[in-house]
Structures are given as C-alpha cells and as structure tokens.
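Report on the structure given below.
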Amino acid sequence: LAHHITVYILSRVIPVLTQLLDRSTVLYILLFFLIFCFRARPQVQTQAHWKAPIMWEGMFEPKLYDLTHNKAHSSVALTVFAVGRYLDAYLNTFLTSAERYFMLGLPVTYFIFTDLPEKVPNIKLGLGRSLKIVQIEKHSRWQDISMMRMKTISNTIESEIHHCCNYVFCFDVDQKFMGRFGSEALGDSVALLHAHYYKLPKERFTYDRNPKSKAFLQTGDFYYHAAIFGGLLKNVKNLTDSCYMSIMEDKKNNVEALWHDESHLNKYFFLYKPSRILSPEYCWDQSIYDKSDINVTRLIWAPKNYDTLRMNI
C-alpha cells in the first residue's frame, strides 16, 4: 500500500518539480524513490553492493521516468550488428519489435552494421525515429565479428552518434522485444545480468580464468551478458575502447578470451562498476525452467541454430 501511495504522490509532484528544478535534481528524486521501491521485490536482489539499482518490474513508475527524460530531451542510439545469415534470420523481427517497445516517446536512431546493406528491411518507423545503415567488413570467423564490434561502436560514437544522441544501447540482433524497454533502463553506465547465471554462486560464473588473457578475472560481482550494454556516450566509448585494446593485446599474445567480447566486458564492469543493472527481464531465455522471478518479459532470446548461422558467415 505504501508503495502505491508513493507512486501516486510522485506522479502528481514530479510534473511540478520538472518545471521548477533542473534535470539532475529531479533524477536524484527518482533515485530516492527507486531506493524506497527496493522493498517491492524482496525475493530478488535489487541493488549491488555499490548501491547501483537492479531494475525489476515493480521497482519503478514508468511515467515518472518518461516524464523526466522527455524534460531532459534524452535521445537514444541503438546499435545492432546483422552480418551474413543473421540479417535474414533476425533483423526484421528485431526492428519491428523494437518499434513497438523500445524507448517509446524518445527520439531513437537505429544504427545497423551489416555487410549486406541492400538487404536491410524497409521498416516503417514512428515519429522521431530514424535508421542509418553502416557497411562493415565481412570477417570469416564469427568470433572476430563478435570481438571487432567494440572498435566499430567506438568509431561510430565518435563519427556519428554524438551528433544525434546522448545515450547509446548496443544489442545482439538475435532477440525480440516483448514488452516495455523504456527510459527506466537509461543510466550513466548500464549492464545486464545474464539470465542463466544470476541465481548461481560466483564460482560457477564463466569468467575467463586464463592469467594470460587481459580478460582474466578470478571472481567478480555478477556475470554480465554482452547481448545488451549501454549508457552515456562517453562511458560506452570508454568501455568499447578498453575492450578493444584488451582484445588486440590478447591477439598479439595469441590468446583468445573464453567468451570473446563478453569476457572482456565482464572484466571491464568489475573494474568500472555500472551505475545501473538490468534484471534478466530485459533479456530472458524462454528455455529456462524457473521463471518465478520474471513478472514481465521485456526481451527474449530468439531461437538459435548456430551450426547453420555461423557456417561461413
């Protein structure tokens, strides 16, 4: 009851405050509200030990976040790689579902990285939403595509994204939006809990434990999924630059991290803690039997046939 009363009061107060206070002050008010709502989901972990919120359904009031980010003129770039057979298999579903659920009410620019620009589907876009196609080099190994995306994202933030957006989210293409993926996900630095690991003990996390790799991590805080990461442009650029440099250092030493760019991303987020963490609601694998924590499915893994998709990418 207290939770609902607080939501009601804030829904009346925040519109007034946005007229009187600056963006930072209003965001602090939302943060205090979020801390109160940690108690709304007692069965799951709702914050990291460094106080970063872990976003679960029931912990936030969507309208308050939307109002604040509209007032702040927030805009979002979405990057996605659709290379080889992945384009035909997934891109149309990814984009059409994103148009239904991703950051509705905010300006969004899709950046599609592909080796087949002529095959990108012509999707009808909503008001304030646009799409740019960036042609990239084709790599013979899917592992190289996965790892080299870090350099491509960094370069595009510097050359194009900074002209149109102040946030960027980076996605894998083999996913489908199923529910609201909104402004509550925006933050300075955003990581995603891996659906298969968030309940497991740390000793079962598949970090790269090879001391020869720059991704080496004996133990960490959480196991993060590289299918989604984001944040302010400068922070995502720092992340992608760091991961790329580590990948290239490994290549010089004839080392390849266990889970490629995801291993490097986990090392980075251990050293530089994310300010916001998305729960597995934001990227759920429907094959997982225990769904007791998942009140809302916002994004799902698409069915995968790696043997076919990754054959001569």
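Counting starts with 1 at the first residue shown.
Positions of Cβ are set from backbone N, Cα and C atoms, glycine also.
Look at Glu262 (active site, nucleophile): DSSP puts it in a helix. Around the Cβ of Glu262 (active site, nucleophile), 24 further Cβ atoms fall within 10 Å across all displayed protein chains. Feature annotation from TrEMBL assigns active site, nucleophile to Glu262.
Taking Cβ-Cβ distances under 8 Å and a sequence separation of 6 or more, the neighbours of Ala82 (UDP-N-acetyl-alpha-D-galactosamine binding site) in its chain are Tyr90, Leu91, Phe94, Ile112, Phe113, Thr114, Leu116, Val120, Val173. Per TrEMBL, the feature UDP-N-acetyl-alpha-D-galactosamine binding site maps to Phe81, Ala82, Val83, Tyr86, Asp172, Val173, Asp174.
With a 10 A radius on its CB, Asp174 (UDP-N-acetyl-alpha-D-galactosamine binding site) counts 20 other CB atoms from all the protein chains. If you look up TrEMBL, you'll see Asp172, Asp174 marked as Mn(2+) binding site.
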Should Asp174 (UDP-N-acetyl-alpha-D-galactosamine binding site) be counted as helix, strand, or coil on the basis of DSSP?
coil
Do you know offhand how many angstrom separate Asp172 (UDP-N-acetyl-alpha-D-galactosamine binding site) and Glu262 (active site, nucleophile) by C-alpha?
12
Cβ-Cβ neighbours of Val83 (UDP-N-acetyl-alpha-D-galactosamine binding site) (radius 10 Å):
22
Expressed to the nearest Å, what is the distance separating Asp174 (UDP-N-acetyl-alpha-D-galactosamine binding site) and Glu262 (active site, nucleophile) at their Cα atoms?
16
Measuring Cα to Cα across Phe81, Ala82, Val83, Tyr86, Asp172, Val173, Asp174, which the record gives as the UDP-N-acetyl-alpha-D-galactosamine binders, how far apart are the two most distant ones in Å?
11
Sorry to bug you, but what's the C-alpha spacing from Phe81 (UDP-N-acetyl-alpha-D-galactosamine binding site) to Glu262 (active site, nucleophile), rounded to the closest Å?
15
